[in-house]
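According to Swiss-Prot, the protein has these features:
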type: REPEAT; residues: 80-153; note: repeat 'Solcar 1'
type: TRANSMEM; residues: 83-103; note: transmembrane segment
type: TRANSMEM; residues: 128-148; note: transmembrane segment
type: REPEAT; residues: 162-246; note: repeat 'Solcar 2'
type: TRANSMEM; residues: 220-240; note: transmembrane segment
type: REPEAT; residues: 256-339; note: repeat 'Solcar 3'
type: TRANSMEM; residues: 262-282; note: transmembrane segment
type: TRANSMEM; residues: 296-316; note: transmembrane segment
type: TRANSMEM; residues: 319-339; note: transmembrane segment
Amino acid sequence: MIFNYVFSNSFSFLYLMVNVQCRIKEIMYWNICLYWDVFSKLIIYNKVCQFGRIHIFHGKNRHQLLRTCHFTPSKRHSAMSFFEALGAGICAGLAVDLSLFPIDTLKTRLQAKGGFVKNGGFHGVYRGLGSILVGSAPGASLFFTTYENMKSRLSQSGLGLSDPQIHMCSASLGEIAACIVRVPTEVIKQRAQASGGTLSSRNILQTILKSNNVWRDFYAGYGITIAREIPFTLIQFPIWEHLKLKWRIKHSRNKNLAHEAAISGSIAGGIAAALTTPFDVVKTRIMTSQQRLSYVFTIKSIVAHEGFLALYKGIVPRVLWLSGGGAIFLGCYDVILNFMKAEGL
């Protein structure tokens, strides 16, 4: 029910970009109202579990962590828990997209068919930014609210799952939820990036809306995006959580400092980025193509015409982008989440 509601409203965000007569104040007011409507309904359908404090033991069991979990029956506490993940997710998503967008553009142009120069080179590196800003906040917030909620639920499930298994499952479900909003904005962004600076996000959106297969075009590459994001999160989040845990054990603390969360996020993001580059190349080819391509055909075509190493095109900017992105995104999320908990916001 949560996903159905967000799915039905995600294209309202995209439609904003078509209305040329909208002013900035009107857009901001409209977004705030819609965000509140979405989030208030999410709260109704989510009973959030809240982690207790992490206790550090000394002596014989010095390196053993006991995570005491409990359900919080209070609706007020559940809403606070939800809004902590929500607020931190929004800030983290906007921070990483605004700061590292040019690197993402260069990576897309390297991977797109035709090569770097033909697709625009260094010209217009902020093409497609508008679509990402529209989808960034709802996508990131949907991911982290799902991630934190599922961590609590799985810890209380009695299934005997280890921490890495809990992090993997929670992150995977978070990605599936976030991609409902993220994929349409990603399609518009990558087509704008690969246009050589000749098309804006609005132009591409108008073209898609006029096509005979609007839904298919908006969700071109949804399957391969999930196939890329789930392995990425299966690698990134367990590494991130494990490295943060090592910092806490080393310094006998129950929370991480800002630089610890950022460094852990950077390492985890870089490793995951390198290992999942082939998925990203295939996704880029499918999303930037004007024709409907299958995953298998795209992979065979790349290997046959460009060689196996073509599946690793753009690996350097991708690793740089996601290493920096991991530091900003996960570091920012962790710091803001701790701040909101400390201040009771």
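Positions of Cβ are set from backbone N, Cα and C atoms, glycine also.
Note that the structure is a prediction, hence the values are computed from the model and not measured.
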Reported mean pLDDT - the repeat 'Solcar 1' (80-153):
75
Residues of the repeat 'Solcar 3' (256-339) by DSSP state, where helix covers H, G and I:
72 helix, 0 strand, 12 coil
Tally of helix, strand and coil residues over the repeat 'Solcar 1' (80-153) according to DSSP?
57 helix, 0 strand, 17 coil
So which residues does the transmembrane segment (262-282) touch in its own chain, when a touch means Cβ under 8 Å and the partner is 6 or more beyond its ends?
111, 224, 227-228, 231-233, 235-237, 239-240, 243-244, 247, 256, 295, 298-299, 302, 310-315, 318-319, 321-331, 334
Residues sitting near the transmembrane segment (296-316): Cβ under 8 Å, six or more positions beyond its termini, same chain?
106-108, 110-111, 273-274, 277-278, 280-282, 284-286
Composition by DSSP (helix, strand, coil) of residues within the repeat 'Solcar 2' (162-246):
71 helix, 0 strand, 14 coil
